[in-house]
Amino acid sequence: LALNPWDVILCISGTIISCENAIVVVVIFYTPAFRAPMFLLIGSLATADLLAGLGLILHFAFVYFIPSEAVSLLTVGLLVTSFTASVSSLLTITIDRYLSLYNALTYYSERTVTRTYIMLILTWGASVCYGLLPIMGWNCLKEPSTCSIVKPLTKNHLIILSVSFFMVFAVMLQLYVQICKIVCRHAHQIAVQRHFLASSHYVTTRKGIATLAVILGTFASCWLPFAIYCLLGDYSYPALYTYVTLLPATYNSMINPVIYAFRNQEIQKVLWTVCCGCFSSTMPFRSRSPSDV
């Protein structure tokens, strides 16, 4: 096959995604202090994005060096599983942040740990099921007319994935609206109790809302173009449209470590310890709420 520049760009993106998220996975896995539900969910997100990056690399390698329909189904199944798990992990992190504010008094309990494991099981169970569909026979290899904009996925399969994404996005939007309300209410209560100036209350509230807007805006700008095109596009459309909308979606997996992991002070301490020994590995961690991350 002639080398497609878009495939090269996707492969490069996959390499960057893999390196970033591999760091997060290793740090969380090998640090005993990172066993709290918040870090388990961040680890789930990093694992999903790591698999997505590896899937992009493997897809490029197999398409150009080992062309095979069976291998193509496996790599596409891996990509569907990983990207579905990535989006679902973002939802679980949002739910965890909301509950840490809404049920602040009971958040640090065994119930939270149990709920976290249940969300992880549901996230990866559903993602694996979605990814196995092409391998189990739900593909368009025998009927090209049923193909979607992403071969060998069928149009119906991609519609289900797109509708699922819009449902996840709607729930996240609603939860972040509720989080904004809680943050504003808490900031106002603290300002009244400590006799802060109105300007201080305004700055604190604006900072919190701006952070949430960046998180949700990044997610929407990366995934919405591709999700909309999955519903409107057809297999007969030029492949260029698919690449143009799919590439920003992969960038979400590149940005996630920066937003959810590298901004975390505890993870930063471990990274500095590993890189240059600026912090002692025995330094105690400060317990933080997911809403602080």
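Glycine too: its Cβ is placed from the backbone N, Cα and C atoms.
TrEMBL annotations: computationally assigned, not manually curated.
Summarising the annotation, TrEMBL assigns domain 'G-protein coupled receptors family 1 profile' to 20-260.
If you look up TrEMBL, you'll see 6-31 (among others) marked as transmembrane segment.
Through the fold, the transmembrane segment (38-66) approaches residues 1, 3, 7-8, 10-11, 13-22, 24-25, 28-29, 72, 75-76, 78-79, 81-83, 85-86, 88-90, 92-93, 96, 100, 116-117, 119-120, 123-124, 127, 250, 253-254, 256-257, 260-261, 264, 288-290, 293 of its own chain, all at least 6 residues removed from its boundaries and within a Cβ separation under 8 Å. The feature transmembrane segment is assigned by TrEMBL to 38-66 (among others).
Away from its own ends, the transmembrane segment (72-95) comes close to residues 41-42, 44-45, 47-52, 54-56, 58-59, 62-63, 116, 119-120, 123-124, 126-128, 130-135, 139, 141, 150, 152-153, 161, 164-165, 168, 171-172, 175-176, 219, 223, 249, 252-253, 256, 260, 290 of its chain (Cβ-Cβ under 8 Å, at least six residues beyond either end). Positions annotated as transmembrane segment by TrEMBL: 72-95 (among others).
Taken from TrEMBL, the feature transmembrane segment applies to 116-138 (among others). Non-local neighbours of the transmembrane segment (116-138) in the same chain are 37, 40-41, 44, 48, 73-74, 76-82, 84-85, 88-89, 91-92, 95-96, 152-154, 157, 160-161; each lies 6+ residues outside the stretch with a CB under 8 Å from one of its CB atoms.
Counting residues 6+ beyond its ends, the transmembrane segment (158-177) has Cβ neighbours under 8 Å at 80, 84, 87-88, 90-91, 94-95, 97-98, 130, 148-150, 212, 215-216, 219-220, 223-224, 227-228, 230-231 in the same chain. Marked as transmembrane segment by TrEMBL: 158-177 (among others).
Taken from TrEMBL, the feature transmembrane segment covers 209-228 (among others). If one looks beyond the transmembrane segment (209-228) by at least 6 residues along the same chain, the residues whose Cβ comes under 8 Å of a Cβ in the stretch are 87, 90, 162, 165-166, 169, 172-173, 176, 179-180, 183-184, 244-246, 248-249, 251-252, 255, 259.
Feature annotation from TrEMBL assigns transmembrane segment to 240-262 (among others).
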PLDDT averaged over the residues of the domain 'G-protein coupled receptors family 1 profile' (20-260): 87
